[in-house]
Amino acid sequence: MLTHKTCQARKKMQVSFVIRDAEEKQHRNGVNALQLDANNGKLYSAGRDAIIRVWNTRTDSSEKYIQSMEHHNDWVNDIVLCCNGRNLISASCDTTVKVWNAQKGFCMSTLRTHRDYVQALAYAKDREQVASAGLDKAIFLWDVNTLTALTASNNTVTTSSLTGSKDSIYSLAMNPSGTVIVSGSTENILRIWDPRTCMRIMKLRGHTENVRCLVVSPDGNQVVSGSSDGTIKVWNLGQQRCVQTIHVHKEGVWSLLMSENFQYIISGSRDRNIIVTEMRNPSNKTLVCEEQAPVLSLGYNIDKTGVWATTWNSDIRCWKLPMYDRCTLNSSGGMDAQWTQGGTEVACIKGGAAIKECAVLNDKRYIITKDSQDQVVVYDVLRVVKKEQLGAVDYEAEVKKRNKQVYIPNWFTVDLKTGMPTIVLGQEEVDCFSAWVSIEAGLPECVDPTTEIKINYGKLLLEALLEYWTPPHSIPPNEMEPDMHGNGYFQVPKHTPVIFSEVGGRTVCRLLVRDAAGDSESTLLHETAPQWVTDVVIEKNIPKFLKIPFFLQPHPQMTKPERTKKDRLVANEFIQCRKVCEHVLEKVLNAETTPSGGNANNSLQNSQSDANSEGSQLPAEERIELWCNDVVVDPNMDLRTVRHFIWKQSTDLTFQYKTKQNFNYDGK
């Protein structure tokens with residue numbers, strides 16, 4: 001017997017997975033941050049689809065994709081390149097900060113210090129120091145050389161924290177020498193610390209809404225801030241005041257980029273505009289471009305003649321920057337200053353479509369989605385695959401056409417936050433073991449016509465997701481018995497990411513289906529998988545059946561009713577109404593039946609009875625008619641479907657029965 005080491009005993013856990021291709025070369029949602037390695041022309045992009053991608057900006061080809069860096073399972077909000085491009089640090093809504101080998105693209109370590117979304121990072125190049133901040137109001141300082149030296153055995157890291165923030169932090173900046181760190185938050189103020197001593201220096205007031213972006217001058221004397229209030233402010237830290245307020249945008253300013261001499265501001269806004277402004281003379285400004293969606297981040301190209309921009313959409317575009325020419329001769333012989341031509345799109349990294357709408361069909365196996373390009377797709381949740389690409393068809397009409405009159409309890413939820421369908425299994429509001437179905441309905445391709453088997457969707461799926469997991473210290477299988485892995489019916493794609501996380505909280509474990517066989521992954525699963533998962537995957541326990549109470553009484557049109565009282569019965573909710581017909585014949589009318597399992601009373605309790613035993617020539621459903629709410633019930637309907645579509649009441653389901661005209665129960 002395997003002894004399961006319960007982890008997070010006080011935390012309720014959920015399991016989620018993403019239905020996706022083995023390699024997703026395009027961003028499937030907005031892109032939150034950019035970092036350019038100018039030495040080798042690599043552009044790193046942090047996606048809302050939870051993936052960091054690397055692009056070759058030196059090629060003129062449309063195929064710029066190099067590789068993906070995957071280990072987050074929620075939006076990647078910020079990234080910084082460090083150690084001369086050897087390493088990358090990322091911050092995510094999954095509450096983690098991750099350290100990456102930027103060249104090989106793998107995650108080296110995960111920092112779990114934050115307790116909420118990590119929104120921003122700051123980097124002091126000269127000191128190799130990184131700061132992280134987020135919605136938990138915390139700021140942590142990290143020594144990059146220590147982080148990159150972490151190993152499985154040497155996995156202890158210390159951090160300094162900057163205290164005093166009273167609200168969620170959305171922006172963070174340091175100068176290269178690491179003498180000043182500035183944070184912006186929903187307090188609408190700037191807080192300044194000395195990261196060398198972790199001492200608070202000052203706070204600056206002036207913005208009226210969230211401070212979304214910050215840049216600190218190299219000497220640490222000036223700060224430029226952008227806010228949701230639509231303004232850009234320039235602050236002098238020596239004077240501890242705002243020395244310039246710039247109004248060039250109609251909506252919030254979400255991204256800032258400074259020229260090397262700290263004289264020009266390139267700003268991106270929710271109003272979709274990218275604008276260059278002279279800091280000392282804000283009236284001297286020019287529009288670089290109008291993007292297709294609100295601008296999330298900006299970054300220079302290699303020679304700084306253009307700027308890469310990301311938005312709510314998944315495309316990444318590079319725009320030519322206009323230059324400010326002060327040496328233009330005017331008609332009077334004097335010198336004029338003017339902007340040279342800019343705003344031309346010089347490169348584009350195309351993104352993919354994000355799923356925006358999703359409908360779970362009544363069979364609770366398939367979902368239909370509609371993406372940002374109006375493409376409609378059918379996904380098979382149970383097999384974790386895309387089933388059918390329908391194209392730009394009428395989404396609502398497809399949902400209506402494919403919905404059958406069948407009721408199966410919800411056993412999963414769908415999250416579209418990343419732009420790809422993430423399926424969530426749990427034991428809270430939605431019980432992943434609530435969906436029992438007959439095998440001919442759930443897996444018609446696996447039907448054995450000689451048996452009537454009930455399957456549980458949640459159990460089968462968990463067994464498939466963790467098929468390769470062999471827990472440490474488990475007892476080897478008996479040589480006479482097969483080593484049971486998986487569910488015996490189907491497998492899911494091996495590249496599928498599986499995530500264990502706290503309900504409404506942080507990620508505990510992420511792995512691919514195929515990697516569960518690894519020693520470290522197996523040990524991690526053993527320590528983190530909740531008991532309700534190991535019960536079905538390892539112990540092979542059967543989830544409990546859900547019961548439905550119902551009343552059974554004669555129909556008013558019964559010519560010779562044996563009784564008039566109501567009988568209150570309880571049966572598994574997936575029992576078909578033909579079983580109720582058999583019960584009426586055998587137990588109520590005492591007629592000969594063609595039972596579905598020998599004893600009609602047992603048929604109400606046992607879902608796996610045999611429907612082919614010998615008996616009377618006519619089956620029960622051809623001799624007995626069931627009514628509910630003045631509607632004749634299809635004998636193939638199960639109890640839960642009748643309750644949902646016909647009964648439609650919170651009180652106990654009530655059936656009325658009567659004999660059909662061609663059957664006289666007195667004449668046996």
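Note that Cβ sites are derived from N, Cα and C of the backbone, with glycine treated the same way.
Annotation comment: Swiss-Prot describes 592-616 as region 'Disordered'. Annotation comment: Swiss-Prot describes 26-65 as repeat 'WD 1', evidence class sequence analysis. Annotation comment: Swiss-Prot describes 71-110 as repeat 'WD 2', evidence class sequence analysis. Taken from Swiss-Prot, the feature repeat 'WD 3' applies to 113-152, supported by sequence analysis. Annotation source Swiss-Prot lists repeat 'WD 4' at 164-203. Among the features that Swiss-Prot reports, repeat 'WD 5' is placed at 206-245, with the record citing sequence analysis. The repeat 'WD 6' annotation in Swiss-Prot covers 248-287. Residues or ranges marked as repeat 'WD 7' in Swiss-Prot: 290-329. What Swiss-Prot records for 350-389 is repeat 'WD 8'.
The list of residues near the repeat 'WD 7' (290-329) in space but at least 6 beyond its ends in sequence, with Cβ under 8 angstroms from a Cβ of it, reads 26-36, 38, 41, 43, 45, 47, 49, 55, 57-58, 251, 254-257, 260, 264, 266, 268-274, 276, 278, 284, 335-354, 372, 419. The repeat 'WD 1' (26-65) is in contact with the repeat 'WD 8' (350-389), judged by 3+ CB-CB distances under 8 Å for residue pairs 6 or more apart in sequence. Cβ atoms under 8 Å from those of the repeat 'WD 3' (113-152) belong to residues 74, 77-83, 86-87, 89-93, 95-97, 99, 158-162, 165-178, 181, 183, 185, 193, 195, 198, 506, 520 of the same chain, restricted to positions at least 6 beyond its ends. Helix, strand and coil content of the repeat 'WD 1' (26-65), in residues and according to DSSP, is 0 helix, 20 strand, 20 coil. Within its own chain, the repeat 'WD 2' (71-110) is flanked in space by residues 16, 18, 32-37, 39-40, 42, 44, 46-48, 50-52, 54, 116-123, 125, 128, 130, 132, 134, 140, 142, 144-145, 147-148, 150, 155, 157, 417-418, 497, 499, 501, 505-507, 510, which lie at least six positions past its ends and keep a Cβ under 8 Å from the stretch.
On the 0 to 100 pLDDT scale, the repeat 'WD 6' (248-287) averages 95 in this prediction. Residue counts of the repeat 'WD 5' (206-245) by helix, strand and coil are 0 helix, 22 strand, 18 coil (DSSP-based). Per DSSP, the secondary structure of the repeat 'WD 4' (164-203) breaks down as 0 helix, 22 strand, 18 coil. DSSP assignment over the repeat 'WD 3' (113-152) gives 5 helix, 18 strand, 17 coil.
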